[in-house]
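Student: Have a look at this one.
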Amino acid sequence: MLLEALDGEETVVFIAAAASMQVEVEPVGRWFEAYVKRRNRNTSASFQELEEEEESSEESEDEELQLEEDPMLRTLDPKDWKNQDHYAVLGLTNVRYKATQKQIKAAHKAAVLKHHPDKRKAVGEQITEGDNDYFTCITKAIEILSDPVKRRAFDSVDPTFDNTMPSKSEGKDNFFKVFGPVFERNARWSSKKHVPKLGTMESSFEEVDSFYSFWYNFDSWREFSYLDEEEKEKAECRDERRWIEKQNRASRAQRKKEEMNRIRTLVDTAYSCDPRIKKFKEEEKARKESEKKAKAEAKKREQEEKERAVQAELEAARLLKQKEEEEAKQAAQQAKKEKEIQKKAIKKERQKLRATCKNWNYFADNEADSVKMMEEVEKLCDRLELASLQSLNEVLASSSKDESKAAVVKQVDEVNVQLQKEKEAEVQARQAARGADQASGGGGSVGGKGWNEEDLQLLIKAVNLFPAGTNARWEVIANYMNQHSTSGMKRTAKDVINKAKNLQRLDPVQKDEINKKAFEKFKKEHTSLPSEDKAVPSERFDAAGSDLNTAPWTSEEQKLLEQALKSYPVNTPERWEKIADAVPGRSKKDCMKRYKELVEMVKAKKAAQEQVAARSKK
């Protein structure tokens, strides 16, 4: 952004900026040159970095190379050159894989000047002819170390490299001192240049996570072609050469797999022993516990808020209800007061009317007319409202006796006309109800045409005997009535339904009267027992008649009787005595009598149902 102009100054644009344009850039420089070299030589980036490190170390090397001659050099077997330490042969034991090409060439030059057969022969030393001289080992060493590919293969199986790993017990005591050097030692196999350090106890979580992520995804350049048991150049034919290559590939893959398992075991052991991991896990656990606790507290607070809100709503509803009740109470009290006031006013006006008429001797000359008028006045007091009474009293107070009498007589006539109309309306309503009953076939009264008291009692009994849910209930009830009715009237299901509905509309007093008559008839019919009946149990009613209990059976007694009948079958000795003992308040004779009634009811019910079923099949 442009700076703002100072006071007294202004911003001026001198020239407009040029428009952007696209140009082609040719890749040049040392990084592009390194990429071209890697592509042409088919080498990895780590190998290129190794060469650059060697070149940079050659340029910066100012110290003189310190060579350490191998004391066992003269005793080496040239035929066993593959098992020799090439760095020790050239005297590079102190630098080994860190040695530069310049150092290797210098070491080889020094070894040649000292151990060349011509030099030794000149000083009179005995020389072994051919390739059996130990100088051949020096030649093989420079051949291997001067070639980057062969040198890399030899470095991968460096005989001085320590492949051992610390155990868990060793790592728990002093983790950083035990595992630090091990990871630094194995870092030389990494294909990546920058390898993270193990760190210290104060390392952050990101640093520790980066370290273990690197080692769990470790990319090793170590390969084991130097340990090939067979050389394909020695093969006599193409098939043998292919077989040797196949064997060598399998051997290299197996050793590579073992190497990666070794690295993975090292990382797993370090991870399990790392005190920082334990610390981070404890911190994470504490963090989760705190979050869980905070969440629980927040949930608790939310629940408490909800409960408070609910309590507030309940309190508000209670206060509102209390207020409404108070208002209703006040309104009721006010209405009661007004009613009391009106009642007092009406009472006062009635007393005033009675007093006025009494003063005029009820506008009559003899006692009979006076009593008759007194009854009419009482009728006015009962029928007239407050306003009518007040207006009538005002007329009587301001009029003469004849005018007052005329006013009272007029008011009495109006009341009588109104009473006559109410009576006529009531009579018409009764006639209409009676006509509806006759149209439905039920008759106008309880004991009307076609339905006597016996039929009504039988209907009530049948309705109770066949409750709701019975299959073809109203047909069954009609058949039951046709079988047991003494009137000879044949009832259909429609007649029974209409009469049952009509009975439901009766007043409670009429219902009680019908039930009372039915019970009295039942009691009358059962005062004397028949001498013999086929439905009676095996025992006879030989017990004394004086112990018969005529009270109706309750539901509890009925349940006890049914349970006793199940508990004591027919072949039980002294069966009815035991059944009577199981039903408190009932004798043997009561139980046998009740059993007979139940048998009759079941038979009647089955017969009615069978008739309905037979009719439906037809």
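Glycine is treated like the rest: Cβ placed from N, Cα and C.
What TrEMBL records for this protein is below:
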type	residues	note
COMPBIAS	49-70	compositional bias 'Acidic residues'
COMPBIAS	428-439	compositional bias 'Low complexity'
DOMAIN	85-158	domain 'J'
DOMAIN	451-504	domain 'Myb-like'
DOMAIN	545-599	domain 'Myb-like'
DOMAIN	545-603	domain 'HTH myb-type'
DOMAIN	553-603	domain 'SANT'
REGION	45-78	region 'Disordered'
REGION	282-308	region 'Disordered'
REGION	428-448	region 'Disordered'
Student: Do you know the mean pLDDT across the domain 'Myb-like' (451-504)?
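Tutor: Mean model confidence (pLDDT) across the domain 'Myb-like' (451-504) is 81.
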Student: Within the domain 'SANT' (553-603), how many residues are helix, strand or coil going by DSSP?
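Tutor: Counting residues per DSSP class in the domain 'SANT' (553-603), I get 37 helix, 0 strand, 14 coil.
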Student: List the helix, strand and coil residue totals of the region 'Disordered' (282-308) as derived from DSSP.
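Tutor: With helix first, then strand, then coil, the region 'Disordered' (282-308) has 27 helix, 0 strand, 0 coil.
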